């Protein structure tokens, strides 16, 4: 029988609930408990798949093909546990399910209301995660901030949830902010008191307070919060601003978050094994020489749009004992000026995924620069498609070569729509999504990096390499190092006479973990280090 932990946030948005939930998951797993983490998002979109990266950040893709909130990436990276579509719930998906049931007559003509129908559907989703994962502990993060009207059905649902299970099977954690007023030199607790008061008015009494602060919280403040908020003194947890998100589990462990959560759930506080995690933090805090990596994207104004790519680069640098020096380069800026102006001093170039025409020519110019100047390069999804277009235009002498997405009238569509996508009208949840196998070819860099015959990678795309141009591509110095098992789809390409030039149609960043960097990212950083050593 699973136990349940609910994580809410107060005072301000972006308080770090996702990192707290992921860190608790890491701490519980280090004690031998199995964990699954669920995100409840209070927006009306069915999923974030069609949302702008500028508004929502990256869309994280699960093994079973769900387009989810980026917090699921944190959950997977911290716990090294794969999540599924069940782990991502939005208000839109809840209402859609309830309305579909009403249309089918499932409510026997009854009046459908937020209470009990919407809240019951939410509770059923949480129970479904527990049943599907068979986890010892299910952690549920409630998106938004206590007091938001959008979050009310979720908060009511988790209030009701304690009636579904035994009292000691549920714990409520409230993440809040203690602002420091510089002029008075004081940390203020009043916003937290009001946030907890709001929770109590709904019927939820938090068991633990996780207090975000950039100043240390003294014993007196903890006692004050304990008294005003009705929380045991040992359950007032300090969460100071950290130098890295990966150091948060260790600081929360020292504050007793996991121990007190287990105490609330009446579970054994087993011996904790964080030795590998401590090694990761040691390498992170004691890096070697910097590696200057240019991330050439079209959504760089919001760093979260490429969150998993950045974390994958960080994991590789931690493993290789290098300092990640990340250059955020707008592809449109390269179009306006030149690749040389922005990329001349970098050690590696990454061109990530994206959609649409904007900035594509800048990406292509960056790839050309990497190819001609022998700069280690990694292309992801659209990055691979741009690498193929760059080859066609500059090596194969097909100046009008393009993708049928970018130029439907091109006479040389070296990238074209997957056949199964041709009759699809809806945008949401209809791409090639989730894990697919890829067979690696012998005597390729890809095979050497993975050291596997068949790999499994996550996808999110509609367009693929046009096999009509395959032989011409191979004859010009490129290798196709990975394909679908039937050989129909090109998944991984590489340039032969180059220090490191690989591009893949899939998204390897979703499978990178701290302590277990993805082979393609590790290979990129290693190649950059080797090239630097040779130049010195």
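Including glycine, each Cβ sits where the backbone N, Cα and C put it.
Summarising the annotation, Swiss-Prot assigns region 'Amidoligase domain' to 1-267.
The CTP binding site annotation in Swiss-Prot covers 13, 148, 149, 150, 188, 189, 190, 191, 192, 193, 224. Long-range neighbours of residue 190 (CTP binding site) (same chain, six or more residues apart, CB within less than 8 Å of its CB): none. Reduced to three states, the DSSP call for residue 190 (CTP binding site) is helix.
Taking all protein chains in view, 21 other C-beta atoms sit within 10 angstroms of the C-beta of residue 19 (ATP binding site). Summarising the annotation, Swiss-Prot assigns ATP binding site to 14, 15, 16, 17, 18, 19, 71.
According to DSSP, residue 71 (ATP binding site) sits within a helical segment. Taken from Swiss-Prot, the feature Mg(2+) binding site covers 71, 141.
Per Swiss-Prot, L-glutamine binding site is recorded for 354, 382, 383, 384, 385, 405, 462, and the stated evidence type is sequence analysis. Here the Cβ of residue 385 (L-glutamine binding site) has 28 other Cβ atoms within 10 Å, regardless of which shown protein chain they belong to.
Listed in sequence order, 352, 353, 354, 460, 461, 504, 505, 506, 507 are the same-chain residues six or more apart from residue 381 (active site, nucleophile) with CB atoms under 8 A from its CB. Taken from Swiss-Prot, the feature active site, nucleophile covers 381.
Annotation source Swiss-Prot lists active site at 507 (among others), citing sequence analysis. Other Cβ atoms within 10 Å of the Cβ of residue 507 (active site) number 24 in total over all chains. Secondary structure from DSSP puts residue 507 (active site) in coil.
Sequence annotations record features per position, and here Swiss-Prot assigns active site to 509 (among others) based on sequence analysis.
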Cα-Cα distance maximum in Å, computed over every pair in 14, 15, 16, 17, 18, 19, 71 that the record assigns to ATP: 13
Model confidence over the region 'Amidoligase domain' (1-267) (mean pLDDT, whole number): 95
Of 15, 149, 382, 384 (the binding-site residues), the residue whose Cβ has the fewest other Cβ atoms within 10 Å: 149
Most crowded position, judged by CB atoms within 10 A, among 17, 188, 462 as binding-site residues: 17
Pairwise CA distance, residue 17 (ATP binding site) versus residue 385 (L-glutamine binding site), rounded so that it is a whole Å: 36
Extra residues within 8 Å (Cβ to Cβ centroid of 14, 15, 16, 17, 18, 19, 71), ATP: 9, 20, 21, 141, 175
